[in-house]
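Okay, structure first, notes after.
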Amino acid sequence: MHKFRYSLHQHYSKRNSSDKSKDSPISQNSNEENDSTKLSSSSLQDLHDDLDDIYNNYTLAQGTNNNSVDTLDSENNQAINKFIDKPPAIHGMEPQLPVMHVSSRLSSLGNTTNETGESIAKSAPGTPLSSHSFDFRPHHPRAVTNSSLNVLLDTPNVSSEFNHLVDQTPPNESVERFDDSNNTVDNTEEEENNDDTDEIPKSETLKQNEENWEKKGAAVKTIKTMDGEMKTIRRNVTDFKFGKELGEGSYSTVILATDKITGKQYAVKVLDKRHIIKEKKVKYVNIEKHALNRLSNRLGVISLYFTFQDKDSLYFVLDYASNGELLTLIKRYNTLNEECTRHFGAQILDAIKYMHDNGVIHRDLKPENILLDDKMRIQITDFGTARLLEKKNDESEEYPVDVRAKSFVGTAEYVSPELLENKYCGKPGDVWAFGCIIYQMIAGKPPFKATNEYLTFQKITKLQFAFSAGFPTIIRDLIKKILVLQPSRRATIPEIQKHYFFQSVDFKDFDSIWLSDPPEIGPYKMTAKSMMKVPELNKAPITTVIKKNVKKSTNSNSNTNNVATAVGGSSSNGHKGSSPTPEKEPSPATINNKSTEKVSAASVAAYVLNKPATNQNSSTSEDSSKRSSNSNETRKLSYSQQDYIPGTNILRPQISTRPSVGSYVKTTPSKDRKTLTKVPSNIHQQQEKVKPKVMEVKPATTLEAAWEPYLTHPDERILRIGPVIAHKEPTEPFEKKNKASLHISPLDINKEQRSRSNTSLLTQIVNEVNNNTSELKKVENADESLAIIEPQYNMKRSPTSDSKKSMDIERSASTSGSRISKKAIFKKLGFSHLEKNDSEESNGPSLTEKPQTCTLVVTTHGRALLFIRNDIESNYLLIAEIKLKYPFIHFQELVISQTKFSKLVPSVGVFVISSIDNSLIFEVEKFEVNQWTEALAKSKYNEIGKR
């Protein structure tokens, strides 16, 4: 029941004129205005009469149509709403009270009057039915839009009109007149309208208003026909038949629609005006429209045909891509083969170039925004976050390369590092996303993927990505040139087009890129061809070295030319182990004259090693030449064949050819012959210079003085010291559990530590193993106990380590054997507490049982010391010493923290010192991880450089 609100004051004051008020509501209003008599005492009978009078006035009035909704005021006090279809009152019929279904939300609504005097409906604040929530929709809306789904509903949202019209059937006469005036309606439509009991009748004014919107918001396009005549095309909502929903975005819904005139299918993007303004998306809608206007009518980019609107929505009529998204294709096959990657990659690259040439930066390139049409050609869509560039000046036809970004846009896995760190967005950002897409086609997943956006951004800024086993070498080389942190060093579109991977693609031929049939689509399978090195990178540098040696040696001696060719690796004599014997030894004067020229150190060394001895026979010289050539070949192989991909036994691709050994030695003019006879000693100097540069010893500070008892050499200094939370786990299960989260760290080591012709850390470690074969012939045969020393646990067996290695370290066989056997017996019997004293002695702080708060000290002599103490007053206890010089000791960063604080405190970082059997895991602040791993790497290579 409605709450009838009526003023008793008005009815008591007009008690004397109650009879007149029944006949005429006008006289009643005059009595209400002129009567100012005060309330007087009355009997119960008078009150009863007044109530009857109220009821009769509301329900039994003749000749009037009382259309009140929430109040009992007469119709003269109501604001007229011209959008409500009110059936006329029929004389002689007594109107019945409508049966109302009142919800909890609509029952509290009332009519208010604005400045213009029109009635405005109110609903709960912030709901889609609230007309006061939006400034541009004051009254008479036609449709309700769900803000999350953006689905248009054919239901009015003015609540007062809803209260009046729901469940109220208009008279038969009006229905008949409506049917007579609309003879064009089909019978099927009449049946559907009759079945739809929830449909609300619309007034003629509302219908006329909608028709005006259709005309006013229609799209008008002028085209030129084949006959040369100009033809105007007009399209609006009624010209399309809408079908299934294709997808939805953040502020729009894409629906498949068919043009009723031509029968062509389009993808219509429906954008609700209310939601756009409420969510402040007007800017992005305008950007998308202007970007599509710049780029339409060209293969590779979705085309915009019409834009029109009605009272509630905007409509973008776009190309219909029947084969869906590129991401769906990748997920269907898990990966794509190299031919598909080349075909689609060339189309994407050509489309990006077209966008950039027209001053549009997409900024959100990803497989979800790349569609495939009916002929499997790519179409880039979703330009809502694009950046439109302005030309540098009025005369220039070029657009700037990058601009300052005021807002963060894009998807986490594909966003460029310069946008994260410097807030710059430009053309290199789209190239970065292109590299990520190429990677995803082959690997099946983006290169930078983590559990949340924060960790993903950390991976991007640190360039932490890895190639899966069997990743094609040529594509790997391409991605390495694209995924570069500095935009200025990143490969440009012309450089990518000239890459060996796209060698078979003619980017100048438009038809070969866009009109050729796509290759057979299938998953990527590793083949011998895919793992071959890039031919152009292998041939060019070697050829130049050979020419250089030939040119510089022909002037002095033809025999030296042959020797240089053998050293270069192109001659077959070098492989056979023989070299020609020089006919004549050059004089010192000749050597001095030629010393002013730049002579390759490798050719000089080869000449001296193959020079015949004066006091020896020819057989001795031949043997020495064989040994020298073989040593040169093995030295080259040791430097070129040991660069493996981390975690696999696959060689890393040789992106830049390594210079010869002689390039590391400064060539100086030789003054006498003695300098040439001492070349073998210079070779040892070359090997020493190849090693990392030793850090300069700085004066000792109070820090070294405090930790002097634990420093083994007067020159040993402390690189870093700080608190850590450490524990120990077996290496194999730990790496299996965190296989996808472990990454080699640090990635940005200084060039001084990577002085071996810019080789990787793993290559340096392997080369160090080859240089120290006297100590460790094989990494597999190395003993971890030499690298990780635990003084407090030599008499204690670690429950997680292998039994053989941990039981035999500095242990007395008789004592330890009896103790272990006694413990084992009592443990089986359940009386292990009898050995309480022994257990108390051995139960010190253990890194295997639970994480311990320790102090880690890293020194310049390749040592990492781990200390622990119970309280502040007690002394430090050395529980572990790690010698970092061994090749099986390496450092990693665990990207996904497994601590209990990972959900609450995302700043916790983890780094690992891994060995053969055990790994030490350290928890520190997130920003300290790179600092610790850099200190460990410096310590390691400083110790290696001194050897």
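Heads up, the Cβ atoms here are built off N, Cα and C, so glycines get one too.
Following the DSSP three-state reduction, the secondary structure of ASP364 (active site, proton acceptor) is coil. Annotation comment: Swiss-Prot describes ASP364 as active site, proton acceptor.
In sequence order, ALA267, ILE302, LEU371, LEU372, ASP373, GLN379, THR381 make up the list of same-chain residues 6 or more apart from ALA321 (ATP binding site) whose Cβ falls under 8 Å from its Cβ. The secondary structure of ALA321 (ATP binding site), as reduced to three states from DSSP, is coil rather than helix or strand. As annotated by Swiss-Prot, ATP binding site applies to SER250, TYR251, SER252, LYS269, ASP319, TYR320, ALA321, GLU325, GLU368, ASP382, with the evidence given as similarity to another entry.
Residues or ranges marked as compositional bias 'Basic residues' in Swiss-Prot: 1-14.
Annotated compositional bias 'Acidic residues' per Swiss-Prot: 187-198, in sequence order.
Residues or ranges marked as compositional bias 'Basic and acidic residues' in Swiss-Prot: 199-212 (among others).
The compositional bias 'Basic and acidic residues' annotation in Swiss-Prot covers 802-811 (among others).
According to Swiss-Prot, the region 'Disordered' annotation covers 1-43 (among others).
Feature annotation from Swiss-Prot assigns region 'Disordered' to 108-132 (among others).
The region 'Disordered' feature in Swiss-Prot is assigned to 162-212 (among others).
Note on the region 'PIF-pocket' (271-316): DSSP counts are 20 helix, 13 strand, 13 coil. Annotated region 'PIF-pocket' per Swiss-Prot: 271-316, in sequence order.
Residues or ranges marked as region 'Disordered' by Swiss-Prot: 550-598 (among others).
As annotated by Swiss-Prot, region 'Disordered' applies to 611-644 (among others).
Here Swiss-Prot flags 660-686 (among others) as region 'Disordered'.
Taken from Swiss-Prot, the feature region 'Disordered' covers 794-816 (among others).
The recorded positions ASP319, ASP364, GLU368 differ in how many other CB atoms lie within 10 Å of their CB, and the one with the most is ASP364. Look at the Cβ of each of the binding-site residues SER250, SER252 and count the other Cβ atoms within 10 Å; the largest number goes with SER252. Here the Cα atom of ASP319 (ATP binding site) is found 19 Å from that of ASP364 (active site, proton acceptor). Across all of the region 'PIF-pocket' (271-316), the predicted model scores a mean pLDDT of 90. ASP364 (active site, proton acceptor) sits 14 Å from SER250 (ATP binding site), taking the CA atoms of both as reference points.
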